[in-house]
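What TrEMBL says about this protein:
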- A:26-220: domain 'ABC transmembrane type-1' (DOMAIN)
- A:27-53: transmembrane segment (TRANSMEM)
- A:60-85: transmembrane segment (TRANSMEM)
- A:97-118: transmembrane segment (TRANSMEM)
- A:154-181: transmembrane segment (TRANSMEM)
- A:201-225: transmembrane segment (TRANSMEM)
Amino acid sequence: MSDLSQALSLALELVVTLDPQMLGIVRLSVLVSGSAVLLAALIGLPLGAVLALSAFPGRGALVVMLNAFMGLPPVVVGLGVYLLLSRAGPLGEAGLLFTPAAMVVAQTLLVLPIVAALSRQVVADLWEEYGEQLRSLGVSGLGRMATLLWDGRFSLLTAVLAGFGRAAAEVGAVMIVGGNIKGVTRTMTTTIALETSKGDLALALGLGLILIALVTGVNAAVFLVGQWARRRMG
Amino acid sequence: MKRLLLAVLAVFSLAAAPAGAEDRFITLASTTSTEQSGLFGHLLPLFKAETGIEVRVVAVGTGQALKLGERGDADALLVHDRAGEDKFVAEGFGLDRRDVMYNDFVVVGPSADPAGVKGGKDAAEAFKKIAAAKAPFASRGDDSGTHRSELRLWKKAGVDVKAGGEWYRELGSGMGPTLNTAAGMNAYALADRGTWASFKNRQSLAIVVEGDRALFNPYGSILVNPEKHKAVKAADSKAWHLWLSGPKGQAAIAAFKIGGEQLFFGDAR
Amino acid sequence: MRAPDTILPLELERVGFAVGGRPLLDDITLRLEAGVRTIILGPNGAGKSLLLRLCHGLLAPSDGSVRWHGAMAGEPVRRRQAMVFQRPVLLRRSAVANVRYVLALGGVPWRRRGALAMEALERFGLAALAQRPARVLSGGEQQRLALARAWAAGPDVLFLDEPTSALDPAAALSVEMAVQEFHASGTKIVMTTHDLGQARRLADEVVFLSRGRLVELAPAVEFFKGPASPQARAFLAGELVC
């Protein structure tokens, strides 16, 4: 148990003293996972709505694929993105390997299936309720998507949060495409992996606690906002 | 299609560009053992102060580091597997391999020492005893420089670990995780002295064999051949290569100590 | 070419609707004229709501045809009808925003939407609730908001499917008054109801359905005085008919 209490006090110390190196790592983690989730939402929300509302050949296969890809191993995504962005790969000339941008690409791919699959579910459920009314009003396809996405905003926020949780917690993809370069691509999870491999379990666990606190904080904030808004909007 | 993807990527890089991303830097593929010993934390600021070039270290096993060099994803390498390095240069992927420094491997084991090898000076002999006692042994199993050295030692000891048995455990992880596991299951392991010196979770592990010539662990610096990949930063990586193998780099290596102990010894000629 | 002043009359010719080979509506031919309040009556399961949805175009008939003013179809016809459901589906935004939504759909320029929306809310006594989220209004208020929304669309025809069955008497009365407003402004009313008292108060003509068939189509006065069919007589007498 001494490891655990040591970890707790280390985590506290890092937070209280606002250790600049730790702040940089936390900032990068939030920036990378946040951008990835933002981009995944920009693509995934409309994609989910399209899948929920329109029929086209191959739609069923796409839905099954999205659902399956929710559990995609981060390492596999990382490896795929690495091969794409490697200087010997097809997109090597962009020069993004071992940069935060590469990590954003990988995490976006990781989060996209979650956001798209969950928002498809949310929109499909809403359509059950709204379908007749919207058809009665003569709302067009695009208008239906926009209306349902907006009216499902509180549930969709949960989908986006699930994506953020996955992005912030994964280590496999960012390790491969970011390279865990100190001060450049070192995130909370790769630092934890590194400190663990150095046998500094207390520091690793301390950082883990900070990560958990961060993700919990974001979730709590969104939960409270959602509660308040739900009560207000019915 | 590719143009479109590149355009999308440009947006990504804007979205995630850290402040001052246009800094001058090279990418160095090196080993977990050097990174985890803390050596780079000591060397790189000195080099940057002198040249303005930032060195970004991607720390992986030697096998993967060579692979990164092959694909042009690194500008220079600092690795420790002489045979692999020579092959890398011979195949035209690398240029100008130089000896830079060495440290040594140590055999670590549980204080109970079930194979009775403590205090020995002959690594191969110790390996033979470990195999005979079927005492648990934790192998990196990740095609790293350390792993390749370990396999050479088994060969020298005349033990076929492929046929091995329950006692020989291939972990497929880096040096640190391997030591963590060895500590957890009271196993013997081969470790580089640098990682061992800075490793904190030793539990009952201690050095059992050291000082054998066969445990010599030389590191080489190699430039990635810019003719294979246009994007390789030839000039800046050459500056690093020359600095490291020159008097200033060699002095810096000698000055790096943990707990008063020198971990790496410059041997550039 | 100028659009005609009304999409009415609505003509159904030999309309049938079947699900999985089972006919739910069969061989229905009728003509609904402008200016007349049509109430659709009939026992449970007679197909009242179904008929309303076929008229409104939410469902396509399996047999026969539904025709507006000769042959008008598509978007222009859709825009000139509105429907109020038993349970109104309001958007998760303020009452006034719900009305503005419909105005935007109808292509009303942005600047004019605010005034028109408030005007519609005022007409149905909702002006004070304009900024309230629609979903937290009471049942009666929600139904009136659905009517205000329909009003904003300015339809030629308003379909209402049991609009008061989930409401208490006071709220039901306010909905009835709203329906009268529509009628007075020249909107054709087509409505289903369970409530015979309501039917007597509102109907100009009655469409009586039983077991998916059109049994009677008669002026309200005649229907309530002496229905021609035995099913309708039994229905008015409160007997179980099916």
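We count from 1, first residue shown onward.
For all residues, glycine too, the Cβ spot is worked out from N, Cα and C.
Predicted automatically and left uncurated, TrEMBL annotations should be read as such.
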> When each of A:27-53, A:60-85, A:97-118, A:154-181 is checked against the transmembrane segment (A:201-225) for Cβ pairs under 8 Å, which one has the most?
Replying inline: A:154-181
> Near the transmembrane segment (A:27-53), which residues from the same chain, at least 6 beyond its ends, have a CB less than 8 A from one of its CBs?
Replying inline: 59, 62-63, 66, 100, 103-104, 106-108, 110-124, 127, 141, 144-145, 148-149, 156, 160, 163-164, 167-168, 174, 185-189, 211, 214
> For the transmembrane segment (A:97-118), what are the same-chain contacts with Cβ under 8 Å, counting residues 6+ beyond its ends?
Replying inline: 28, 31-33, 35-37, 39-41, 43-45, 47-48, 51, 63, 66-67, 69-70, 72, 74, 77-78, 80-82, 85-87, 156, 158-160, 162-164, 166-167, 170, 173-174, 176-179, 181, 184-185, 187
>> Counting only residues 6 or more past its boundaries, what in the same chain has a CB within less than 8 Å of a CB in the transmembrane segment (A:154-181)?
In response: 29-30, 32-34, 36-37, 40-41, 44-45, 73-79, 81-82, 85, 97-100, 102-103, 105-107, 110-111, 114-115, 118-119, 122, 187-194, 211, 214-215, 218-219, 222, 226, 229-230, 233
